[in-house]
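Below is one structure; the comments refer to it alone.
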Amino acid sequence: MLANVIVIGAQWGDEGKGKITDLLSRSADVVVRPQGGVNAGHTIVVNDQTFKLHLIPSGILYPDTECIIGSGTVIDPKVLLQEFDQLEALDVSLDRLYISQTAHVTMPFHRLLDQASEEKRGEHKIGTTGRGIGPTYADKSERMGIRVVDLMNPEILRKKLLWTVEYKNVVLDKLYDLPPLDPETVIAEYTTYADRLRPHVVDSSLKIYDAIHQRKNILFEGAQGTLLDLDHGTYPYVTSSNPIAGGACVGAGIGPTMIDRVIGVAKAYTTRVGEGPFPTELDGELNQHLCDRGAEFGTTTGRRRRCGWFDGVIGRYAVRINGLDCLAITKLDVLDQLAEIKVCVAYELDGKTCDHFPGNAAEFARCQPIYKTLPGWQCSTEECRTLEDLPPQALDYLKFLAELMEVPIAIVSLGASRDQTIIVEDPIHGPKRALLYANGDPLA
């Protein structure tokens, strides 16, 4: 049965999409990264080897899987080539990696402007990674960006960079009091990158379209998370692209009718990096416990993640915005030692109960969580491989999350390794959401 599947983060990113995509890549012929840049990192553990990637799709670790970096991404060639080196040193072939000719390129001035802008914001900072993602997307929107195809033509690259660097130097000087960049140095550096990237550059939309018509299984690997979406997230504390399911279609260059299934990934609790409202955020010992047990430090920046209880309100929002068919719940094992676990089922907003995510940032900042308290299981789940292996309280917790979010759970992750996983239902070829709920079991 043909299946083209989108994997989406259902929270604020860092949900464990890398591991889930890696697992699903076994059934995929092609894995596509449709949007985002080096601000998104995913960690995969295979045979005790840890792979930390930012741009190259997780499927690269499977020898027969093609991987495509789509048009909606922004590419930092320096970081991408570092990933080339990391993988080639481990004898991972890159012959199956393709890069969209229309993806935009992050330049040195983008990184400088990102960092300078964040510093100038002071207490109003967004909490960006400082990797130049926002300024790269801004140039794309202002129609002054440089694309991968421009790197492939030295004359066009020189012409565009001479003008762009001159323009950016004025901004760096007048607005941020920073020294100018030498355009010749930038041109020389990026010309070198072009030589190595050239064999991988393709019309990615056409390649994906051809794969669909060849009846290949395609996995679209989303970056960041739903609540970081530029239009539908906790604006302004968001990323500069659209990491929701609809954004995957745009970034890949295909129509929405070509998608068969959307899988959401969520932690068994909630985290976020950077600034912005976070209703279920914890402090003190509980926050420290989740951070330590979950190793909650960003793959990209190393920043400590903020930790809190599972938020069912934003979970239901993610189901609605993305049209999720099923869920993968990760890091259930992080909760193993807790005597009781809370889940946010609604908010109190200005004295009234609110059961939906308010798009207004000021209102969201005033939301107070309304909790349902469930008993913990206080024993290890790391060796569980079936639902029957789980403690009854852990199984009840998962069922509660599925019922709260009104979407079935297809995968449960209990650690970083591939084998620390329970496959509840085939997330690619199994029944759709409506059928599972007709059967009455959210963990069917």
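Each position is counted from 1, following the chain as shown.
Keep in mind that glycine also has a Cβ here, set from the backbone N, Cα and C atoms.
For the IMP site, Swiss-Prot lists Asp14, Glu15, Gly16, Lys17, Asn39, Ala40, Gly41, His42, Arg143, Gln224, Thr239, Arg303; matching the candidates Thr50, Thr128, Thr129 against that entry yields Thr129. Taking the Cα atom of each, Leu332 (GTP binding site) and Asp14 (IMP binding site) are about 14 angstrom apart. Gln224 (IMP binding site) sits 13 Å from Thr43 (GTP binding site), taking the Cα positions as reference. Reported as a whole number, the C-alpha separation between Thr129 (IMP binding site) and Thr43 (GTP binding site) equals 17 Å.
In this structure, the CA atom of Lys19 (GTP binding site) is 8 Å away from the CA atom of His42 (active site, proton donor). Arg304 (substrate binding site) sits 16 Å from Thr43 (GTP binding site), counting Cα to Cα.
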